[in-house]
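Residues or ranges marked as active site, proton donor/acceptor in TrEMBL: CYS78, CYS189. Taken from TrEMBL, the feature substrate binding site applies to ASP15, SER16, TYR47, GLY48, ASN79, THR80, THR190, HIS191.
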Amino acid sequence: MQTDPSPRREIGVFDSGVGGFTVLHELREQLPTARLRYLADTAYAPYGNRSPDEIRARSMAISEHLIAQGAELIIIACNTATAHAIEALRARWPTLPFVGTEPGIKPAVAATRNGRIGLLATPATAASARLRALIERHANGREVVVQGCPGIVDHIEAGDLDSAELRSLVARHCEPLRAAGVDTALLGCTHYPLIEPLWQAALGPDVKLLRIETAVARRAVDLWTPASDSPALHIETSGDPAALRTWIERVLGWREPDVRSWPAAL
Ligand code: DGL
């Protein structure tokens, strides 16, 4: 592993791939002077189909790298990694703050009028004990319909945000939420806001969609003491840097992003 000879204070951000850019965008809005490093673990995406052990091992290796580069705060811009790894990360680095990304059950409970909430997430998040506990703690008697959504992240990683195939997959995953008559739905994966219009179209205009990135960035603001450093953004990937560069230019509209390679193997 390559280590910067003189690491500087940074905020490290990671996701299995491009989903965490939805969180990164908010972080840049709310902490415009921070030095940020974003790691996309593209070679191992999607995490949602992986075992808890694999997700934990990847999260550990990535955090070790981010810390070696100077991270003094780590944002887990991934619901799946938060569900399966945040406790292990905090146990291993007890003095380093980790901010997780988790579906906002409390805001959904406040928003619902009919008491029925939908939650769209990756299969691994949907199956996690941490999500079950979160719902038990905060649902307050409301019904929460949890739907694991295999396949969605693969489309988004490939740059497909609008194909007929993706639309029908989205519609299929939304069917149980429609059948339950939810009036509020949580996007429980950081990739999902990138196709928000598709979820809205499948669920209908009366269903309120809730996202979490703004709240995650607000938590980072609480924990971060801004320095006089000049802002910086380093983007790294365990996959193909050229492919990620193209994705960023095409989907996010950033020009000539600097994307470096980070060796994937554990
Ligand atoms: N974006 C991630 C999440 O919030 C992971 C998606 C995946 O890799 O399956 O869960």
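Just so you know, glycine gets a Cβ as well, placed from its N, Cα and C.
In TrEMBL, annotation is done automatically, which means it is predicted and not curated.
This view paints the features noted in TrEMBL onto the structure.
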residue : record                             : DSSP (3 states)
ASP15   : substrate binding site             : strand
TYR47   : substrate binding site             : helix
CYS78   : active site, proton donor/acceptor : coil
CYS189  : active site, proton donor/acceptor : coil
THR190 (substrate binding site) to CYS78 (active site, proton donor/acceptor) - Cα separation in whole Å: 6
Span of the substrate site, taken as the largest CA to CA distance across ASP15, SER16, TYR47, GLY48, ASN79, THR80, THR190, HIS191 (Å, rounded to a whole number): 12
Cβ-Cβ neighbours of ASP15 (substrate binding site) (radius 10 Å): 30
10 Å Cα neighbourhood of CYS189 (active site, proton donor/acceptor): matching recorded positions from SER16, TYR47, CYS78: CYS78
Other same-chain residues whose Cβ falls within 8 Å of the Cβ centroid of ASP15, SER16, TYR47, GLY48, ASN79, THR80, THR190, HIS191, the recorded substrate site, in sequence order: GLY17, GLY19, GLY20, ALA45, PRO46, CYS78, ALA81, THR122, THR125, VAL153, CYS189
Inter-residue Cα distance where the pair is CYS78 (active site, proton donor/acceptor) and ASP15 (substrate binding site), in Å: 5
For GLY48 (substrate binding site): intrachain residues, at least 6 apart, with Cβ closer than 8 Å: SER16, THR80, ALA121, THR122, PRO123, ALA124, THR125, GLY148, CYS149, PRO150, VAL153, CYS189
Cβ neighbour count within 10 Å of ASN79 (substrate binding site): 32
